[in-house]
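> The structure is given below, and queries will be raised subsequently.
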Amino acid sequence: MAKEKFERNKPHVNIGTIGHVDHGKTSLTAAITKVLAKTGGATFLAYDLIDKAPEERERGITISTSHVEYQTSNRHYAHVDCPGHADYVKNMITGAAQMDGAILVVSAADGPMPQTREHILLARQVGVPYIVVFLNKVDMLDDPELRELVEMEVRDLLKKYEFPGDDIPIIPGSALKALEGDTSDIGEPAILKLMEAVDSYIPTPQRATDKPFLMPVEDVFSISGRGTVATGRVERGIIKVGEEVEVVGLRPTQKTVVTGVEMFRKLLDQGMAGDNIGALVRGLKREDMERGQVLAKPGSITPHTKFKAQIYVLSKEEGGRHTPFFKGYRPQFYFRTTDVTGSVKLPENVEMVMPGDNIAIEVELITPVAMEKELRFAVREGGRTVGAGVVAEIVE
């Protein structure tokens with residue numbers, strides 16, 4: 001069967017299912033494709049097809065993820081679903097599947113469970129901005145009061161992790177009934193109601209080109225008669241010739257003006273998100289800049305040395321450490337294009353961190369790096385990746 005090309009005439013949003021094991025994340029994903037297939041918005045994918053997720057490697061970490069796409073009348077969605085809990089942890093920390101919003105699946109029969117809590121915490125730490133709740137398996141509850149209790153419990157848990165628990169849409173239903181073609185309230189209509197909530201509650205994300213300009217510096221050259229050129233791939237925003245930028249990180253911040261932009265040796269009047277460019281900068285010598293810094297819109301990003309992060313430590317099988325690490329651990333932190341050494345502070349009651357663990361740490365770098373919340377990084381020892389992390393909060 002030939003793959004249909006989705007026309008990009010609708011806004012695109014990335015979402016995913018999160019929640020405790022066996023609460024019905026994959027069944028819900030299958031049900032969404034089945035119900036939307038009726039209006040031609042999806043190709044139905046049975047549970048087994050989604051559950052047998054292919055393994056991918058993201059920054060040396062093995063992650064199993066299923067990617068499903070579908071559309072509502074308003075939007076085109078890319079949806080990720082992971083078979084195992086560890087896959088979710090890795091996925092969310094590495095940002096392998098960036099989510100603009102998530103559908104939290106909670107079984108009405110069990111209520112919130114440990115992984116429900118952990119996924120909400122991770123969503124908060126890694127910056128999943130919006131959550132919609134699908135209260136699954138409501139056919140297993142006869143008592144409406146019990147359902148209300150579970151709903152209250154879920155709202156309280158969301159509030160605990162600073163999500164607006166009172167405002168978040170909670171849609172009750174049964175993914176299984178929807179898959180069986182049930183047309184009562186908890187069957188197919190519940191799936192359509194869920195998609196309506198996702199459509200309206202999760203905003204369309206800002207496009208990369210609309211964000212403030214940022215380009216990680218990969219290399220710096222001196223071109224005789226022209227001046228100094230910094231090369232790299234524009235991460236976000238647009239840079240026009242004649243605009244002022246700041247050079248941030250590793251050294252005191254400097255201001256300069258981009259006097260030329262070139263791509264494939266052709267001169268352009270601007271560079272935008274996704275372009276590999278050379279930016280000619282005024283008044284700076286080759287030795288004034290280095291790999292690991294960023295060119296950015298003035299005032300949009302600042303250099304920092306202390307931050308809190310959520311990290312996943314690679315297992316031995318993934319090529320990570322074979323032994324635990326302890327407080328005072330000093331690896332390198334690879335941000336964008338360069339390694340910076342830093343020391344690790346563990347949470348109060350934690351003595352050591354084992355390969356395969358996922359943990360919140362505090363880091364102090366020896367030199368400042370341009371950073372902001374949600375920035376991803378790798379933890380390395382002599383060039384070998386031993387972990388992946390995301391900045392959860394900047395300390396100073």
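Backbone N, Cα and C define each Cβ position, glycine as well.
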> Of the residue ranges 136-139, 232-235, 240-243, which one carries the region 'G4' annotation in Swiss-Prot?
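In Swiss-Prot, the region 'G4' feature sits at 136-139.
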> Sort out the sequence-distant neighbours of Val138 (GTP binding site) for me: same chain, 6+ apart, CB within less than 8 Å of its CB, listed by position.
Ala108, Arg147, Pro172, Gly173, Ser174, Ile186
